[in-house]
Amino acid sequence: MSSTNPVPDLEAGIQYWATQPANYDGVLGGFGTGSLPRVDSLGSRRFLLDLLPELSTVPSPFRSVSVSPSETRRIRALDVGAGVGRVTSDVLLPLVSDVVLLEPVESFINEARSRGKASESGLEINDSGYRVLWKGIADRSKSVTFFKGSLQSFDPVEPGIPLDRVGCLPQDGDDDTKSKFDVIWCQWCLGHLNDDELVQFLERSKKALRDARSLIVVKENICREQNAIFDEQDSTFTRSDLAFKNIFRDAGLKIIQEKIQHGLPEGLYPVKMYALRETSHALQ
Ligand code: SAH
C-alpha cells in the first residue's frame with residue numbers, strides 16, 4: 001500500500017467513539033437492541049467452548065469426578081477495545097474467572113466501571129434490555145480489572161496501573177495484574193490499528209499467553225475486496241480475510257480455528273472469528 005493511502009489515526013478513532021452513546025447501541029452502531037448482541041455473544045461462547053471445553057460450567061459425564069488443582073486454577077481473559085464491557089459481561093465472565101478490560105474512551109470505560117460497581121452491590125437496574133449484573137461479581141468469585149488506554153500503547157505483559165477493579169481481590173494481597181492470559185479477545189476494534197501496529201500488538205499479546213493451550217481470538221468484520229477498505233467516519237480499516245491472514249503470519253501466529261458468525265442482520269459485513277496460537281504451539 002502506498003504511503004499516500006489513508007490509514008487509521010488513533011486520535012480520530014477515539015474522537016469518533018467519544019461522540020457515540022455509552023451503551024450497546026453505541027458500541028454496536030445502532031444494533032444494540034435487536035437480535036445481534038445475543039446472536040453474537042452466543043456464537044462467541046460456543047466458539048470458545050469448542051476450543052477450550054474445560055471452560056464449560058456444565059458438569060460433563062465424560063469428565064472425571066476428582067478434579068486436580070491444575071483444573072481448578074483461575075482462568076484469565078483480556079478484553080481489548082472493550083467499549084462498555086459487552087464482551088466481558090456476555091462472553092467472558094460466564095466462562096472465565098478474571099477479566100482484564102482495556103478501553104480508551106472515557107465515557108465507555110466509565111459505563112463499564114459503573115456496571116461493574118452496580119454488579120458488586122447486587123443492584124439489578126434493567127432499563128436497557130441487557131443483563132445488568134455481571135456474573136460472579138456480587139459474590140466476589142470473579143473479577144474485572146479496568147485499564148484505560150489504546151491498543152497501540154498497551155502491553156499485556158506489563159499493563160501498568162489499573163484504573164479500578166471489581167469483584168474478588170487477588171489472594172493474600174498478591175498482585176495478579178502481571179499474570180498471563182488464557183484468552184485474549186479482540187472484537188470490532190482492530191481496524192483502528194494500521195498493519196504495523198496490529199502486528200506489534202499481536203506480538204506483544206503472544207508473549208502474554210499463559211501456555212500452549214492459550215488463545216488469541218479475533219472477531220472482526222471482513223471485506224470482500226483484495227486488502228482493506230478505509231472508512232473516514234471512524235478512521236478504521238475493514239480488512240479482507242487475506243489481509244488478516246498475512247498479518248497473523250507476520251505476527252508468528254497460526255490459525256487453529258476460523259468460523260463465520262452466522263445469524264447476524266442482513267446488510268452488514270460478514271463477521272469472522274479466528275482462534276490463534278503461537279506458531280510453535282499450534283499443535284492441535
Ligand atoms: N469490543 C466491544 C466494543 C466495540 S466498538 C464490543 O464488541 O462490544 C469499538 C471499540 O474500540 C470502542 O469501544 C472504541 O472506543 C475502541 N477503540 C477505538 N480506538 C481504539 C484503540 N486505538 N485502542 C483500543 N480500543 C479502541
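Here the Cβ of each residue, glycine as well, is placed from N, Cα and C on the backbone.
For the recorded site, GLY81 (S-adenosyl-L-methionine binding site), the DSSP three-state label reads coil. Among the features that TrEMBL reports, S-adenosyl-L-methionine binding site is placed at GLY81, ARG86, LEU151, GLN152, GLN187.
Secondary structure from DSSP puts LEU151 (S-adenosyl-L-methionine binding site) in coil. Ranking the binding-site residues GLN152, GLN187 by the number of CB atoms within 10 A of their own CB puts GLN187 at the top. The Cβ of LEU151 (S-adenosyl-L-methionine binding site) lies under 8 Å from the Cβ of VAL80, GLY81, LEU102, CYS189, LEU190, HIS192, LEU193, GLU197, PHE201, each of which sits 6+ residues away along the same chain.
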